[in-house]
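Per Swiss-Prot, the features are as follows:
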- Asp326: active site, proton donor/acceptor (ACT_SITE)
- Glu509: active site, proton donor/acceptor (ACT_SITE)
- Arg168, Trp175, Asp176, Asn212, Arg221, Ser222, Gln223, Arg292, Asp293, Glu294, Gly324, Glu525: substrate binding site (BINDING)
Amino acid sequence: MLNQKIQNPNPDELMIEVDLCYELDPYELKLDEMIEAEPEPEMIEGLPASDALTPADRYLELFEHVQSAKIFPDSKTFPDCAPKMDPLDILIRYRKVRRHRDFDLRKFVENHFWLPEVYSSEYVSDPQNSLKEHIDQLWPVLTREPQDHIPWSSLLALPQSYIVPGGRFSETYYWDSYFTMLGLAESGREDLLKCMADNFAWMIENYGHIPNGNRTYYLSRSQPPVFALMVELFEEDGVRGARRYLDHLKMEYAFWMDGAESLIPNQAYRHVVRMPDGSLLNRYWDDRDTPRDESWLEDVETAKHSGRPPNEVYRDLRAGAASGWDYSSRWLRDTGRLASIRTTQFIPIDLNAFLFKLESAIANISALKGEKETEALFRQKASARRDAVNRYLWDDENGIYRDYDWRREQLALFSAAAIVPLYVGMANHEQADRLANAVRSRLLTPGGILASEYETGEQWDKPNGWAPLQWMAIQGFKMYGDDLLGDEIARNWLKTVNQFYLEQHKLIEKYHIADGVPREGGGGEYPLQDGFGWTNGVVRRLIGLYGEP
């Protein structure tokens, strides 16, 4: 094993340290025998030319200088800035003055860019409000109206109003929005539901998929594919008929399955992996293999300590962001070290459950429209996926779903992602019963269910609990007849959120729930955010079902 640091001997240049604490995995020696047909990075079909460049692409060495110098505490701040003039003119000016003795990078940025608008100070919580009243009054605070696209800004304009999570997140996010919508429906905000439905359909039409969020730097990846669940919600709440979205669902499916038909066993392309028996399963992916604009310095530091080619690490970090679980022991080879991330080598249980739902939704809506051939085709696809999941991702010995390391050909860790097959109706009753026992003994706490069993310092691990996981567990177990467990999780979670609200008068992104004393969840690449979209949505829906805690 190598363990050394390489330092630049020239003191006038930037010091470079590379941690080579890396031992070649014997399984990786086999990779040359596997053909992974990776696409060229930065190839995004259907992307309008005016929005093709991310801030890192547009500002080149200026972008790297700003991020490396840490002139903003949050790496996301500069990518969210909008230029006051043509970016090319800014870059030319920067190149002319950057070596001047009195050059001030912070002043240069402030003179040439509009800093992101901060909304958090606009709202002061009323301690007299109940939890329900607090959430209902927050919807307008978290709503952003459509606006003209500021030239060369990273923010992608949307045609209708939308909800943002809150805090540092001033754009809409794909899978967050579904859980936010649950609360909007409960609050009677059908107007916002319609707007968000139109926005997501518009993004599919214009970009061929729903990006991670409405920023140029998010266009190279998506997030957990929950549009089929959104469509189901629209239908249930009378917002929009499901039939009108059939073409959009098919387009999203094509995005996730791109390249599948040309793969041979043990081959992967973008999101698709052909398993040894010829079946198809999916993984998370990002078409770029560069540091994320919004976490540029953090990614560079992580890659520096990996001992692997940086582009591989960047791809896995980006794919981890696409998973929504950024980050978790689920994606780490060494659970205590983010630099060991291997997201693209895992077949995630939640992703494949969501795609099962997508296939089933296309089949169901096709049946409503009398498209029998399409219905039959997608019923077969859903059935084939369920069979493949049971072969590769179901741990029969322990009665749990687990992710699958397709390169090592072995099961990976157990986490709360295992409840998604129940939420989408993919499990059988025996699997649901056995999984319930595992969740009770391994993930359930007096505060809700943990993201995982492992304490790694990452935010999607123990001791944290997250609203979307609670909702899917509650509804998933109740769908299979385990009302006792579903209701217990619901009561525990409502108690957690309400107790914290009574003390702090706010809802937050994640909660520390391991010891029965609710407090702020830790971990992650950024400070804890309050607001918070999907917590508000899930809790508001639960209040409608269970009453105020």
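If you go along the chain as it appears here, the first residue is 1 and each next one adds 1.
Glycine is treated like the rest: Cβ placed from N, Cα and C.
Here the features listed in Swiss-Prot are painted onto the structure.
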{"residue": "Asp176", "record": "substrate binding site", "Cβ contacts under 8 Å, 6 or more apart": "Pro165, Gly533, Trp534"}
{"residue": "Arg221", "record": "substrate binding site", "Cβ contacts under 8 Å, 6 or more apart": "Pro211, Asn212, Tyr284, Trp285, Asp286, Asp287, Arg288, Arg318, Ala319, Ala321, Ala322"}
{"residue": "Gln223", "record": "substrate binding site", "Cβ contacts under 8 Å, 6 or more apart": "Tyr173, Tyr174, Trp175, Ile210, Asn212, Ala322, Ser323, Gly324"}
{"residue": "Asp293", "record": "substrate binding site", "Cβ contacts under 8 Å, 6 or more apart": "Thr54, Pro55, Ala56, Phe63, Pro79, Ser154, Tyr217"}
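In the three-state DSSP scheme, Glu509 (active site, proton donor/acceptor) falls into the coil class. A straight line from the CA of Arg168 (substrate binding site) to the CA of Asp326 (active site, proton donor/acceptor) spans 16 Å. Taking all protein chains in view, 26 other C-beta atoms sit within 10 angstroms of the C-beta of Glu509 (active site, proton donor/acceptor).
A Cα-Cα distance of 13 Å separates Glu509 (active site, proton donor/acceptor) from Asp326 (active site, proton donor/acceptor). Neighbour count (other Cβ atoms within 10 Å of the Cβ, all protein chains): 22 for Gly324 (substrate binding site). Comparing local CB density within 10 A for the recorded positions Arg168, Asp326, the maximum falls on Asp326.
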